[in-house]
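Here the structure is laid out as structure tokens; the discussion comes afterwards.
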Amino acid sequence: MLDATLKSQLKTYLERVTQPIEIVASLDDGAKSRELHDLLVEIASLSNLITFSADGTDARRPSFSLNRPGADISLRFAGIPMGHEFTSLVLALLQVGGHPSKASAEVIEQIQALEGEFNFETYFSLSCQNCPDVVQALNLMAVLNPNVRHVAIDGALFQDEVESRKIMAVPSIYLNGEVFGQGRMGLEEILGKIDTNAGARQAEKINAKEAFDVLVVGGGPAGAAAAIYAARKGIRTGVAAERFGGQVLDTLAIENFISVQETEGPKLATALEEHVKQYDVDIMNLQRGEALIPAAEGGLHEVRLAGGASLKAKTVILATGARWREMNVPGEQEYRGRGVAYCPHCDGPLFKGKRVAVIGGGNSGVEAAIDLAGIVAQVTLIEFDSQLRADAVLQRKLRSLPNVNVITSALTTEVLGNGEKVTGLRYKDRSTDEQHEVALEGIFVQIGLLPNTDWLKGTVELSPRGEIIVDAKGQTSIPGVFAAGDVTTVPYKQIVIAVGEGAKASLAAFDHLIRTSAPA
């Protein structure tokens, strides 16, 4: 299953293994079991420290466990972890084989101190770019603590479980048989949910921090660039981010970041964070801004965080980005994750052979419809305007597909369901005011982004669309408070533009520090 290049790369990685690894597969007579068998035999042939057997008795077939002789590690993949999950498999092999994790010593200690029984199950799809973060975090926890058990399950191969648990979005995480969470989660976020004292400990540590020269709020491309440019000036720099990478984490293919011909959002997000870590920057993850208290004359700005802590700084750069725009119609929140979705790449495979709608006729919506058409039975694209707004080449491709129906001049008015999952949607024909219903099982919302500025209302000046109004240097209406990226009024929401704006705001903040601290 592995081509020569991939096999060579994997062999090189496996040279880092220092302890023996046992791969035990549970297989049946199906084609997927044969595929998995061949893959595991191939992997075992690449290292003398790896042994393989097909003597497993697990009920999920095909599946396999990874263990270290004499250790109590419960780590299993149910399915064939290729696609986005191949990296998860490689990391699991390395970690079971004794190669140290990149997690901080503090996080490792926190994992090892967990008491109780934690039986995790994660449902993923091979095309989901959000799933590996969850799978890799829980795999590491299973390697480090015998109280943690983890099974990563390919929902496409175990449809009976997906149906019985009514899973309609990935990643979906279960703990001890109960729903634990849905969507991307990093290691620290998972630990924060099961280690109930973690939040209070973190807030105490944050409150004890000295004031920053530059505090960046947000960890997307704009925030990362701002932090690097500030740190390179040798000034005290901090980043408070809900999740490092921001909206980039939810982006699949990126082909317009200059000098990088092609990459994926999660890879770029990791690269951004690693670049920031090369400098003396205090990164505070899982921190969401709740209030901005502007400085009194000669004083410090204060950013209050949702976890109860607060930070002070001489200058602040707001780079909180944007989030998916919602339809705000009845039924949307009720059926979110139960048929209403926002990531076609992640959740599309769960709707194989079913009927879905895509809301939005811009590039994102049309691209989503094209992608989904290869998986689902029928796609209905619904656009509010009288015509699609996507690029002509995308529209031509869309209209060439036999299982796509386009409805324009349509206002979605309600998501319909049976109490458990989506069964359809209702829309109004804007030209006749007639109401129509479409029977379907999934709705993918692709209608743009909203700036994350709710917490800033009443402080910095906002545009009618809720964006932070900035001047040519990124200065907001509050002296010493700057903003950059998708959260601002700067047009064209692009990664490369956000990076430039972050750098510019940081340079402007440094200039402000020089001018306000200079002797009279």
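From the backbone N, Cα and C atoms, a Cβ is placed for every residue, glycine too.
Summarising the annotation, Swiss-Prot assigns FAD binding site to 213-228, 476-486 and lists similarity to another entry as the type of evidence. The annotation NAD(+) binding site is assigned in Swiss-Prot to 355-369 on the grounds of similarity to another entry. Annotated disulfide bond per Swiss-Prot: Cys343-Cys346, in sequence order.
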> Expressed to the nearest Å, what is the distance separating Gly480 (FAD binding site) and Ala357 (NAD(+) binding site) at their Cα atoms?
Replying inline: 46
>> Within a 10 Å radius of its Cβ, which of these binding-site residues (Val217, Ile359, Ala484) has the fewest neighbouring Cβ atoms?
In response: Ile359
> Which residues does Pro221 (FAD binding site) neighbour through Cβ under 8 Å, counting only same-chain ones at least six apart?
Replying inline: Gly246, Val248, Leu268, Leu272, Gly485, Ile495, Ala498, Val499, Gly502
> So which of the binding-site residues is most packed in, judged by how many other Cβ atoms lie within 10 Å of its Cβ, out of Asn363, Thr476?
Replying inline: Thr476
> Which three-state DSSP class does Pro221 (FAD binding site) fall into?
Replying inline: helix
> Whole-number Å distance between the CA of Asn363 (NAD(+) binding site) and the CA of Cys343 (disulfide bond)?
Replying inline: 14
> Fewest neighbouring Cβ atoms within 10 Å: which of the binding-site residues Gly361, Gly365, Gly480?
Replying inline: Gly480
> Helix, strand or coil: which one is Thr476 (FAD binding site) in, per DSSP?
Replying inline: coil
